[in-house]
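Right, one structure below, let's go through it.
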Amino acid sequence: MKIAVYGKGGIGKSTTSCNISIALARRGERVLQIGCDPKHDSTFTLTGFLIPTIIDTLKSKDYHYEEIWSEDVIHKGYGGVDCVEAGGPPAGAGCGGYVVGETVKLLKELNAFYEYNVIIFDVLGDVVCGGFAAPLNYADYCVIIADNGFDALFAANRITASIREKARTHPLRLAGLVGNRTSKSKRDLINKYVEACPMPVIEVLPLIEDIRVSRVKGKTLFEMVGSEPSLNYVCEYYLNIADQILSQPEGIVPKEIPDRELFSLLSDLYLNPIDEGRHKNNKENLLGFTTI
């Protein structure tokens with residue numbers, strides 16, 4: 001099973017991906033996480049350091065694939081999760097999609113691409129071109145990470161459009177959306193969006209300071225639980241996500257909302273709020289009841 005994780009930059013994709021990888025490993029799966037970002041920090045909380053990238057290793061070998069071994073590019077992370085960082089071209093030059101393609105090509109050359117039960121592609125930011133959409137060519141499922149903010153949902157909608165486009169020629173489905181840093185009682189924009197653009201909501205992770213701190217510490221929540229057992233409840237969120245993924249959901253091919261409609265849909269929630277008390281009183285008056 002191959003899963004591509006997408007979402008707006010800074011939304012917490014890498015932290016979420018790493019914890020999902022550990023959760024899948026705890027369920028007995030052999031997991032590989034591939035970071036698809038030139039920052040090459042996707043697997044930082046799994047390894048505790050910035051591992052060498054595929055592109056750097058290829059450069060050091062003058063792109064002679066036959067001189068590269070698995071241990072040169074695949075690094076062991078916490079909990080038995082294997083880690084790869086694709087890396088990327090210099091800022092302002094080259095194509096991220098090319099690097100992802102080279103990464104998959106090398107892993108196939110090493111007979112490593114098919115050795116895992118689950119491969120997670122952690123992909124940078126919004127889908128702005130075909131290059132950044134390249135991991136969708138290899139994925140069975142896409143998982144979108146978003147919060148209850150306008151920008152995150154606007155990015156989610158663009159990702160949705162990419163999934164629909166790729167699903168024309170690839171066996172790709174959207175597994176669902178994960179709400180990050182979002183209270184279950186304050187997810188009005190998410191609710192409005194998935195009502196207009198139907199998709200499963202896999203889980204909603206609340207705003208928990210320890211999740212942010214884990215990134216700074218270079219540890220997953222599962223590793224932090226060893227010294228802070230009170231965090232065990234946070235791990236249950238990720239285990240729930242893992243269980244839903246392993247159930248091999250049918251998934252959907254979503255239909256994105258046109259940009260202007262999405263702007264209106266989300267902004268109207270705040271520009272034209274409904275006063276629930278006044279709405280109730282008006283309804284009762286219309287029905288002939290006396291409001292006290």
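Just so you know, glycine gets a Cβ as well, placed from its N, Cα and C.
The feature ATP binding site is assigned by TrEMBL to GLY10, ILE11, GLY12, LYS13, SER14, THR15, LYS39, ASN180, ARG181. Contacts of GLY10 (ATP binding site) defined by a Cβ separation under 8 A and a same-chain sequence distance of 6+ are given as none.
Residues annotated as Mg(2+) binding site in TrEMBL: SER14. Long-range Cβ neighbours of SER14 (ATP binding site) (same chain, at least 6 residues apart, Cβ-Cβ under 8 Å): GLY35, ASP37, ASP41, SER42, THR43, PHE44, THR45, ASP122, ARG215.
Within 10 Å of the C-beta of CYS95 ([4Fe-4S] cluster binding site) there are 15 other C-beta atoms, taking all protein chains into account. For CYS95, CYS129, the entry in TrEMBL reads [4Fe-4S] cluster binding site.
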To the nearest whole angstrom, what is the C-alpha distance linking GLY12 (ATP binding site) and CYS95 ([4Fe-4S] cluster binding site)?
-> 23
Listed in sequence order, the residues of the same chain lying six or more positions from ARG181 (ATP binding site) whose CB sits under 8 Å from its CB are ILE11, GLY12, ASP147, LEU205, PRO206, LEU207, ILE211
LYS39 (ATP binding site) to CYS95 ([4Fe-4S] cluster binding site) - Cα separation in whole Å = 14
